[in-house]
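> According to TrEMBL, the feature domain 'PAS' maps to 21-77, 135-205, 254-326, 385-457, 511-581. TrEMBL lists 461-514, 584-636 with the feature domain 'PAC'. TrEMBL lists 668-801 with the feature domain 'GGDEF'. For 810-1064, the entry in TrEMBL reads domain 'EAL'.
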Amino acid sequence: MQRFARPIYVSQFADFHIDIVAMFDSNLRHTYVNSAIENYTGLKPQDYVGKTNYELGMPKDLVTQWDEALEHVFRTGESRDLTFTFPGVEGNRDFHSRLVAERDSSGNVASVISFARDVTEAELCFRSDMVNKYETGLIQAILDSVDDAVIGKTLDGVVTSWNGAAEAMFGYKAEEMLGRSILRLFPPDRLDEEKFILEKLQYGEKIDHLETVRVHKSGRLIHVTVTTSPIRNLDGKVVGACKIVKNVTPLIVERQRLELALLATNSGLWDWDLINGTVYLSDLYLKITGSDKQQEIHDFDHFKRTIHPNDLEQTLKTIDKYLEGHTEHIEFDYRLAANSGPKESWVTTQAQIVERDLLGRPSRLVGTITDTTEIKKTYSNLLDREKRLTRVIDGSDQGYWDWNIQENSLEVSPRWAEMLGYTLEEVDVANGGYEKLVHPDDLVSVMETVLKHIQGKLPNLEQEIRCLTKTGEWKWILTRGRVVEWDDGRNPLMVSGTHTDITERKKLEMSLREAATVFENSYDGIVVVNTDGLVSRTNPSFSRITGFTAEEVIGKSYQSLFATPLKRRFYEQLYLSLNKHKYWTGELWGHRKNDQTYPLLLSISSVVDDKNGIEHYIGIFSDISHLKEHEAELDRVAHYDPLTGTPNRRLLSDRLQQSIVRADRQGKSLAVCYLDLDGFKYVNDHFGHQAGDDLLVAIVNNLKQVLRAEDTLSRLGGDEFVLLINGCERPEECSIILDRILNTIKIPITIDKAVISVSASIGVSLYPNDHSDADTLLRHADQAMYRAKESGKNRYHLFDPDSDQKAQRQREIISRLHNALQNDELTLYFQPKVDLRNGAVVGVEALIRWQHPERGLLSPAAFLPQVEGSTAEYPIGKWVISTAIRKASQWLIEGFPLKVSVNISANQLMHPEFLNDLRLALAEHPEVPASHLELEVLESVSISDVTRTVEILAECHRIGVMVSLDDFGTGYSSLTYLRKLPVDTLKIDQSFVRDMLTDPEDHGIVNAVINLAKSFNRQVIAEGVETLAHGNELLRMGCHLVQGYGIAKPMPGEEIQTWIKYWLAQRNWECI
């Protein structure tokens, strides 16, 4: 957009300016710097573009000073002076800078221009006439590039500057206005405004957005807004003013048209400027609210004063939620304070945000106000009448209904629905729903009765019908009604009536009939049980449903008909209901003769005698397997995404609540991950929506292969997903899963012969580190997702600051180590191993070091713990082996055939490419015998997977590579295991050797390891030999191979040869 581009006048003039000229965007980044900057920093102007002062390495206190000044200009539009000391290439220099706002066509601050002058030497405060003239021309060029009129004047009103926009707006050329009074632009009735402005200016105050009228040269009036700022001299005294004038005549005309339209609808208009707090109120608004236009100050406080005190808090909350973006639109009712009392006045307000600032925040809200007092009154009266009628009907325990004949719509009361076991929201009487509730045998006759009544053949509508309840039972209903409304031609429009539950009465009638027919022909299974709980009779449907004949169950307990024994508590509740209410209904699992189980709907009734004593029980049940299947299908439709089959937003909400409860109960973490695909819009745009859908399905299928059963993947819509990772014991575990997810999503997918690849940005909130409710956790994860996108996409971002920083440091270390590997920052040190019997150097151990560019040489303890289990572990281990072999080759060529041992981690040993990479490393240097390489494997590593370890080490032996069991004695190896393990040497851990001279237990362990090695025909070497006494005792005990600081510290490979010569020449071992 143009308002963010570098203005042409800057590129034309600023590069020749002897001061430093710079431009900043709203993110405080340089968009332009002139060539004068090179004289002070040595950097090119292009080195600054796109960077903040902080990124350029400016001192922290100076960055803070600059950022505060820039943010002030962007926020207020006011110029700002800044004095500071800058550490340049030739030492500290003192600068004075003026920061000036550059506005776009809408008057918003689009960028800030800085003019910085070196004031270190006094003579630099003075410029030549040529420079002063140039600066004057530059300022005029800037003024002429502005769309608004910019006018300078003295305190007595004499015009001192007049830009091109002023000439276009008022019709006067500069020579017609310069040196003349600005009052020639004022209408006669507005001359007092200048006196008011002058009073404000004398106190150094700024007048913002004064809405007024000015006169064009032609005599026509112009509606304008004027912002007047004081101009000070070097002593800070106000000597003049700068006016920025915007022509708002088109807006005023449009407002007048709108007010005419609102007048036709009896609606008032209000226009709230959120920046300066002013509120424009139309005359009709003032009339509706009872405000005095002459006395009221039209600001937001005036608006609040018109609201009834009891409605004020809720009204302000509604406005705040809308401005904060929590609601999509705003419409609310409130009472007017001006008319509070017995006769309250109600109004309805609708509003919309019409302007926002550069940061997207609302800056202007426009709305209407409508008097709804009479509507409220009429509605209240109708409610009162309806309540009275409802109380009458409820008192008679009847439900009522209204049938609109023309619209063929039916409305029923809550009691009407309750009779059938429904709530009002559950019952469906539209689109043929009522016909489904009526028993088929009754439907035709009741429709005929209705038709006869509306045709005038029957005075009233009255008929007994059976209606289906929610539990699947039929209830007898007496429906009565009559036409209550006709049109002018006496055609019926509305029929109203009541429903009365006559089920009990019908039951009494039916009990007098031949019950056997119903019993024998019922589709539902019927079983009669005596008071001892034994079956006394069944009907044919019982046998059809269960598979049992009557003879097989009569005389036996009815409990055997259930799939599983029910708890005692259930039977207590069952008989309590049968004794108290004489009825019980519910769903249970039944047991068929063929051992199948099935869901059944069972209703049990107590049959009582004349004295209300229970004679027996009748159970009626039906197989509802098909209903359950239908419910399951409905549940799938209601809770799962139709495209991917993943849980939808509704089911996600339930799963998230359950996960929070589970995390609290187990004391583990829950990761709420908000996932958005990167590049998905490109797929839709270039391959079509069907390809996009196929891609989503494929990605979900891939993710299901790497997710655990307890995790939840939900699609919210489009390419947005939410992932719940349950049971994380530490953040690192979650990070591993997230890395796996990112890698899975990146897998290329072939759709219609096109190979499509996308990535994902994931935001993560960890509960209970982020101890928020479910909605907040999702919102936090959503925020973190955007941070991930801002950081470059194809990554995840943890919302929790502490965990995020820790994980970020871990990732940075691993990333830094990957770079270190490529930049040759890693190096190997070597510690000699010697034979104390003759002083021979039998080999060296390779030990990794990191030559960090900032921190210097780092020992393994400073970085290897972070490497374990990371993506850098295997590449580093592979590099160590390759480098060690290359060094052994160099020594061999130079006449020093040294064996080199390297440490191998568990993950490196078990890596699928380990043996192949080992062979390749040896093949690169065929002159080095494989036996010159020794792999030192930790005892704890080797026993973690015995079978696999033995296989790998045996293959190493076949290659010719030697194997040593490192830190022996710290693990828990059994003798049987040690005997099978293909190792050549046992290495006694230094923790035992170091204290063996003073600690009898350590001495005993060392002695035991030496004897054990002899027993298994293994070599033994001791590390940690720090003194001659250690060496002497080890030699006496039978261990002649040693290494440690008493022999030599680890050293660079270049020093090994020199050390060997020194060692052999000194014959130090002979002291042992």
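Note that Cβ sites are derived from N, Cα and C of the backbone, with glycine treated the same way.
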> Restricting attention to the domain 'PAC' (461-514), give the mean pLDDT.
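Across the domain 'PAC' (461-514), the average pLDDT comes out at 88.
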> Summarise the domain 'PAS' (135-205) as counts of helix, strand and coil residues per DSSP.
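The counts are 40 helix, 12 strand, 19 coil.
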> Could you give the number of helix, strand and coil residues in the domain 'PAS' (511-581) as assigned by DSSP?
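For the domain 'PAS' (511-581), the helix, strand and coil counts are 36 helix, 13 strand, 22 coil.
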> Under DSSP, the domain 'PAS' (385-457) has how many residues in helix, strand and coil?
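Tallied per class, the domain 'PAS' (385-457) gives 37 helix, 11 strand, 25 coil.
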